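Notes to accompany the following structure.
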Amino acid sequence: MSLSEDSDIDLASPVTDLYALFQRSFTLIIEAWDWDNETKADEKLLIDRVSSAGMINPEDRWTTLQLNGHVAHFEAQIRVKCDENYYGPQCNKFCGPRDDFVGHYTCDQNGNKACMEGWIGDECKQ
């Protein structure tokens, strides 16, 4: 069994915002149910259920999981991305670019301040 962008199945997005520090651990549970025009509302026809637990770091790259159930094979892609201007393995390092009285800098891929041309100092104000 495979679900892809080309599938006719309408899946609600399981994406959610993380408001606490990201701890890198995850648990993913996937269920496949038989719901179609022939299925009655009170019928519970679970085809298969799989789960996976592990550790994941924030990055742009997707991680592919191959999960084998009793009767179905599932492939899932997961990733964790920090919110804009947040960096680090727990997404807790903030660096927002500035070009005003607070400072004159951009941020590198690790969230470190990089002074704009002509500016120096910790806050790039000199």
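The backbone N, Cα and C atoms fix where each Cβ goes, glycine too.
Annotated in TrEMBL:
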DOMAIN    80-124  domain 'DSL'
DISULFID  Cys82-Cys91  disulfide bond
DISULFID  Cys95-Cys107  disulfide bond
DISULFID  Cys115-Cys124  disulfide bond
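If you take the CA of Cys115 (disulfide bond) and look 10 A around it, you hit none of the disulfide-bonded residues from Cys82, Cys91, Cys95. The separation of Cys107 (disulfide bond) from Cys124 (disulfide bond), Cα to Cα, is 12 Å. In the three-state DSSP assignment, the secondary structure recorded for Cys82 (disulfide bond) is coil. Long-range C-beta contacts of Cys95 (disulfide bond), restricted to its own chain and to partners at least six residues apart, with a cutoff below 8 Å, comprise Asn85, Tyr87, Cys107, Gly111, Asn112, Lys113. Counting every protein chain shown, the number of other Cβ atoms lying within 10 Å of the Cβ of Cys91 (disulfide bond) is 18. Non-local contacts of Cys82 (disulfide bond) by the CB criterion (under 8 A, 6+ apart in sequence, same chain) comprise Phe22, Pro58, Gly88, Cys91.
DSSP assigns Cys95 (disulfide bond) to coil, not to a helix or a strand.
In the three-state DSSP assignment, the secondary structure recorded for Cys124 (disulfide bond) is coil.
Taken together, the residues in the domain 'DSL' (80-124) have a mean pLDDT of 95 on the 0 to 100 scale.
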